[in-house]
Amino acid sequence: MPGADLSVRGWARRLCSQATSWLCAVVGRGRLEQEMDEELAFHLECRMEDLIARGMVPEAAARQARIEFGGVTMHKEEMRASLGLRLWDDLRADIRYAWRMLAKSPVFTAIAIASLALGIGANTAIFTLAKEMLLDQLHVPHPQELRLLWWTAPHDNVVHSIWGNLNKEGDRTASTSFTYPVYRELEEQNRKQGVFDQLFAFKGIGEVTTTVDGQAQVVQAEMVSGSYYSGLGVKPELGRGIAPADDAVEGSGAVVVISDGFWRHAFAASPAVVGKVIAINSKPFTVIGVNPPEFTGAKSAHQSPQVFVPFSIQPVLIPHDKGSLLEDPIRWWMQVMARPKAGVTQARAESVMSAALVASVAGAHTAKPGEKMPQVLLRDGSRGENEAAQQYKQPVMVLMAVSGLVLLLACANLANLLLARASAREREMAVRLALGAGRLRVVRQVLTESLMLAFAGGAAGFALGWACRDVIPKLMSDPWDPAQLSGRLDWGVLAFTAGLSLVTGLLFGVAPAWKATRAQASSGLKDNAATVTRRRTGYAGKGIVVFQVALSTLLVVGAGLFLRTIGNLNHVDPGFRVDHLLLFDIDPPVAQYPEEKAVLLHGEIARRLAAVPGVESVSASSMTLIADGRTMYSWEALDQPVTQPKDAGLLNVVGEHFFSTMGMPMIAGREIGPQDTQTSEKVTVVNQRMAREVWGKANVLGRHLKVDNKVYTIVGVVKDAAYDSLRKEPEAQFFFSYRQFPDLEGMTYEVRTHGNAASLAPQLQKAVAGIDPNLPLNAVRTQQQQIDATLGDERMFAMLTAGFGLLALVLASIGIYGVMAYTVARRTQEIGIRVALGARSEQILSMILGETWRMTALGVLAGLGAAFGLTRLVKEMLYGVKSYDPVTLAGSAALLGLVALVAGFTPARRASRVDPMTALRHE
C-alpha cells in the first residue's frame, strides 16, 4: 500500500499545481494576453526577416509569413485552451446566459430560491445547534489531546454515592465521577509512572451567590485543581490562573478566577479587577484573574461557569454535614481529565490508573460479597464532559433527519419545475446541437443554471439560518434559565451551507441535465417532435411527484405523532392544583446558615411570605414537583411479620401545609404541620402507591419506616401525584418535615395566591429581603411554567415538525399542481379530440383528477410504509400514542388526499373547459 499512497499524494500534488496554474492564468489574464500577442508577433517577425533575407519584398514576405503561420486567432485559442482560459470563458458565458434565463422567469426563480432558502435555512439552523452541542471542541490549545477519565464496573460494585452523571451501558455502570482521595492517588501514581503530561480535576458545583459592591447575583461556579489551568494550557487575559499553591491546604485558597462575561457585567471590564475582593456565599474571595473570552471551562464548549475556585476551599464554601468532601472516600463527585504523554499507549495509561483506583478504593471500602471494583477507561475529552451531548444527541439527530427530508422534498419539487422548463426549451437545445454544441456542453449549461439557483438559495438560506439561529435555543430554554447556546455562525457553518448548496444543486439539476442529453437535433426542430420525449418527461415528472407525496406523508405522520404526544401530555392530571401557584428557589449559603440556622431561616421566610397581601398559603420543598429531578433514599418497613428488604423510594422534604398548598388531597391521616419539630416524634407521609405496595389494603397510619438509620412514624397518606415527570406513573414516595430530616440545603417555595401569582413576585422579594438582603429569589416561575419547561423538548418537536409538515404540504401541492398543469398543457390536442368526439366536461374533469389521485395514492402508500418503519426509531420520544397509530396514519393520508384534490382541481377544471376548435387549430 505504500506505493498506492505515494501515487495518491502525487496525484493530489499535480491537481493542486494545475489548479494553482489555472487560477494564476485567470487572475493574470491581461498579462497573459499581452505575452501571447508579443510571442506571436515575434514568430511572425522572425519568419518575415528570413523571407526578406531570401530576396522577397517586405509586403510579400509579410503576406507569406502569415499564410505559413496560419490564423493568429486559432493559435491564440489553442494557447488559451492549454492554459484553461477557454473553460473560464465558457463558464462565464454559461453564467451570463443562465442569469438571463432566470431573469426572464422571475416568478419561477423566486419560487425556486424561496423553497431552497427554507430547506437550506432549516438545515443551517439545526446544524448550527448540532455543531455547538455535539461537535465543537473545548476552546483550549490542542483539545484533541485531552482524555476524560471514566470508571466502569458491573452494576453490583462498591460505588454507592455519586454526585454526577451515571450511565447504564448493558450489564455495566459507567461514570465520570471520582472521589477526591482517588484523584490524589491517581495524581501520585502519575508522578511515579509518568503516563500523563498533565492530570487535573474539576467539578461544576452549580449556583452560588456572589456579591460585588453590595449587589448580589446568582452565578454558576466550578471548582478546579491547582493543575487545571496548566493542564488545559489556558492563560487568563488578566492576572493569573489558579496554581498548585492555591490548592495546597484544605480550607485555604480563597481566590477566584472570573469569566470574561462576568468581568464585563459585574466590573464593567475594569482592568483594575485583579486584587478586588468579592463575596461568594458570603465568604471573601480575592480575584486573581480573568479568563479569555472564548474559554468556557472543561465541562463543555458552550456552558461557561462565571467563577472558578480551588478545591481546597470546598469545606468553607460548600460545607458538607458529614465532613469535608476532600477527605470523603464514599462520595464520588469530581471529574478528572489528562493529557497523555507522547509514546504512552492508552492501554498502559488505563492499566496504571486502574491499579491506582483499585488501591485507593480497597483502602477505603470494605467490599460486600459480590461487589466488584471499578476500572479506569480513557475516552475522548476534546469536548469536555458534555452531558448535553448525551441528553440531546437523539433529538438533534432526529431534527437533522427531518430537516434533511424537507430539503430533499424541495429538491424534488425544483427538479420537477426544471423538467417542465426543459421540455419547453427542447427546440433551443435542438438548435444548440444542430449548430455543433456537444452534449456535455449542453449539460454544463443546464447544470450551471441549477447551481446558480442552488447558491442563490444557499445564500438566502444562510441569511435565514442566521436570523433564526436563536429560535431552537429559546425553545429549549426555560423562561427563568436561558440555555447557554450562542447559535453562532462560524466558518464551519458557512462551509456546511456552501457544501449543502452544491449537493442540492446537483440533486435537482440531474433530471433536467439528463433530459438535455436525450435531445435530438434532427427531430427537435420539427413541430411534433416532442411527443415521445414529452411522454417520457411526463412519466419522470409524475414519478418525482410520487416521491414528493411519499416524503410529505412521512413528515406529516411525524408531525402528527409529536402533536398528539404534546396534546396527551398537556391533558395528564399531575395530581395537584396547578393554578395560582408561584415557585421560586432560595439557597442560603451553608457557611452562613448551618443546619440549625437554616431551619429557623426557612420558618421565618414562610411566615413573612404568608403575611404578604394576596397570599393564600405558603410551603416549601426540597424537590420541585415535575422538574425532571429526583432524590431517592433507601427505606425499610418495620411493622411487618417479616422485615421487608430495603428498597428505594422518592423522597421530598417539605414545609408545613405542603399538601394543602399544592392541592394534594389527603386520603388518610394528617399532613405535616407546625407540631412536627426537631424534638417531637419523627413523622412521615407516604403516597397511595407506597402504602399499597408495602401494606396492601391494611391501615398504614402508625406504622414505621426506617430511613437513614432513623425511624419515622407514618401519620398520613396522600393521593398519588406526579413527582419528576408527567410521562411516568406515580412511584412510591415519602415526605418528611424539613425540621426533622438532615441534609437540608436550598428549598423551593410554593406560594398559592388569590389572583395573578406572577404579579406578587416583587412583594415576595421585598419580604425576604427584610430577613436577609443577600437572599435573592432564584428561578421565579409559576407551576404551569415549571411543567411547560419539562415539556420543552416535546413542544419544540411538535412545533418544528408541524412547521416542516406544513412546508412539505405546500411543496407537495406545488409539485402536484405543476405536473398536472404541464400534463394538461401537453395534452390539449388530445383533450380537444376527446371533446370533439363527445366527451363531457365532467368526464375530462374526472380523468385528470383520477390521474392526480393515482399519483397521490402511490405516494401516500409508499410514505405510510416508510413511516411505519421509521417512526419506530422515535417511539421513546412519544407518549400516549403508538408509532404506528392508525388514527395518525389515516389522518395524514386523508390530509394528503385533500391537498392533492385542491392542487389538481384547477388544472383539471382548465382541461374540462378546453375548446376543441382552438385545440385542433394548432394541429
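Quick reminder: no glycine exception, Cβ is built from N, Cα and C everywhere.
Between the listed ranges 255-274, 855-874, TrEMBL ties the annotation transmembrane segment to 855-874.
Panel annotation: around the transmembrane segment (396-419), residues 108, 111-112, 115-116, 118-120, 122-123, 126-127, 129-130, 133-134, 449-450, 453, 472, 500, 504, 507-512, 515, 537, 540-541, 544-545, 547-548, 551-552, 554-555, 558, 797, 800-801, 804, 807-808, 811-812, 814-815, 818-819, 873-874, 877 of the same chain, lying at least six beyond its termini, place a Cβ under 8 Å from a Cβ of the stretch.
Per-residue pLDDT, averaged along the domain 'ABC3 transporter permease C-terminal' (804-916), amounts to 87 for this model.
The helix, strand and coil residue counts that DSSP assigns across the domain 'ABC3 transporter permease C-terminal' (804-916) are 97 helix, 0 strand, 16 coil. Sequence-distant contacts of the transmembrane segment (796-824), counting only residues of its own chain at least 6 positions beyond either end whose CB sits under 8 Å from a CB of the stretch, comprise 111, 115, 118, 122, 395, 398-399, 402-403, 405-406, 409-410, 412-413, 416-417, 420, 423, 472, 475-476, 538, 541-542, 544-545, 548-549, 551-552, 555-556, 558-560, 562-563, 565-566, 831, 848, 851-852, 855-856, 877, 895-896, 899-900, 902-904, 906-908, 910-911.
As a quick check, the transmembrane segment (886-908) and the transmembrane segment (544-563) clear the bar of 3 or more Cβ pairs under 8 A, pairs 6 or more apart, so the two touch. Within the chain carrying the transmembrane segment (492-514), a Cβ under 8 angstroms from the stretch's Cβ atoms is held by residues 116, 119-120, 123-124, 127-128, 131, 135, 407-408, 410-412, 414-416, 418-419, 421-422, 443, 446-447, 449-451, 453-455, 457-459, 461-462, 465, 540, 544, all 6 or more beyond its ends.
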